[in-house]
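Following: one structure in structure tokens, then a few remarks.
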């Protein structure tokens, strides 16, 4: 993931001087603005379909926060440059500077209501803020850690107000639960202030990494007034559940050699921020499934099968080889629910790249056809992604524009110099001139995305064919009906092995189970050999 950053300049009105926490060589915390995390509920479900509400909270990433001198209001960071006196090096900067609390609605345009989070694109208060990145919290000092092997993750989303060039992204990264405080004692802010971010791009635009500033080698961006890159990056595995606007969407696993957060240096980081994209320890490209890119150009968009003019439900299943949470990740499946209808993910129409889910075989075939480097396999493939899912990952909800590639990799032709008829080039209907951040920010400042009704549970537990309430209610959850069918039911050819799928709406694979197993219907969209 890429993201815009935000520098909070001096408050225009005088503030009463408050005592600021700070001592030693450490990344500090300010007290001018109290940090109050907005509440957001989500649900955990059981195999029987019963769901329990959890009282979560969200926190905005540290990169968006005002960074000022300990003891007064002098900026440590203004625009896209560091104060050279306060920040001559990484350690001194961390000692001199404090992260401030956030006013979520007025400064960042982020609001919650019950189980929903709305992110506005451009918010103007004393300064103009562009986009945001927030994390789900377990409590005020700890991120919620989701372990998704042999589970499904479900949420509702409204992308109707996201035009070309924007990305409303919901995804998981293998951050530390405390934001790195226990590993790096100089980090005094921790998860409470949104520290510890990492992803598969090994981002070098972060102002603080591992309890120290990232000022050494900092180069201000040439096209982003708020951002730059430092010598260090922050790497970890990333599972992109949802990257989307109203035109295109993709889901993409990105494994790393080491699943958890590690700091990298210079171009050895790889990814978007380095001259050698594939020189790091993570897969910056991932293995994506974009329905348009896979050949179905009428599946997702305004008025299409999944109609982005209204809210819908997104279901992602993480299926293991043995049907347990300790198994090896073998498949990532996708369903949608809209207006009471379960919609299986579209099938890839390219010859030699079949299916509607992500597997190692799919990724190998897709990379070969599209002539992309198979960096996914190099860094562990599905097994590597599964290792991160097993240890637990943090939920990220964001909205951003793209100063590196104008989001054309998601919603247009990319690379722009290639023919749209070349396999893998066409990703959406947006023009290749679209997505320039300055244009998007000027023409669509009122863009927004809403995430809601998050549920996590065993396969088949978080939704049913009752689907979303188009009138704005939440997705209903009913107890799946379990029935047994005999082997040899009509359908696809071949035999499904133990724990394999053997039926469900849109299923075209085998419906016969290897002996002694039988095909058991968990719900309308999924039957399994048990």
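FYI, residue positions are counted from 1 along the chain as it appears here.
Quick reminder: no glycine exception, Cβ is built from N, Cα and C everywhere.
Here's what Swiss-Prot has on this protein:
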ACT_SITE  238  active site, nucleophile
CARBOHYD  296  N-linked glycosylation site
REGION    462-492  region 'Disordered'
DOMAIN    494-530  domain 'CBM1'
DISULFID  502-519  disulfide bond
DISULFID  513-529  disulfide bond
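Within 10 Å of the Cα of residue 529 (disulfide bond), the following recorded positions from the list 238, 502, 519 place their own Cα: 502, 519. Note: the CA-CA distance between residue 502 (disulfide bond) and residue 513 (disulfide bond) rounds to 7 Å. Mean pLDDT for the domain 'CBM1' (494-530) in the predicted structure: 76. Each of the disulfide-bonded residues 502, 529 was scored by the number of other CB atoms within 10 A of its CB, and the lowest score belongs to 529. A simple way to gauge crowding: the CB of the residue listed as 'active site, nucleophile' has 27 other CB atoms within 10 angstroms, across all the protein chains here. Looking at residue 238 (active site, nucleophile) and residue 513 (disulfide bond), their Cα atoms lie 34 Å from each other.
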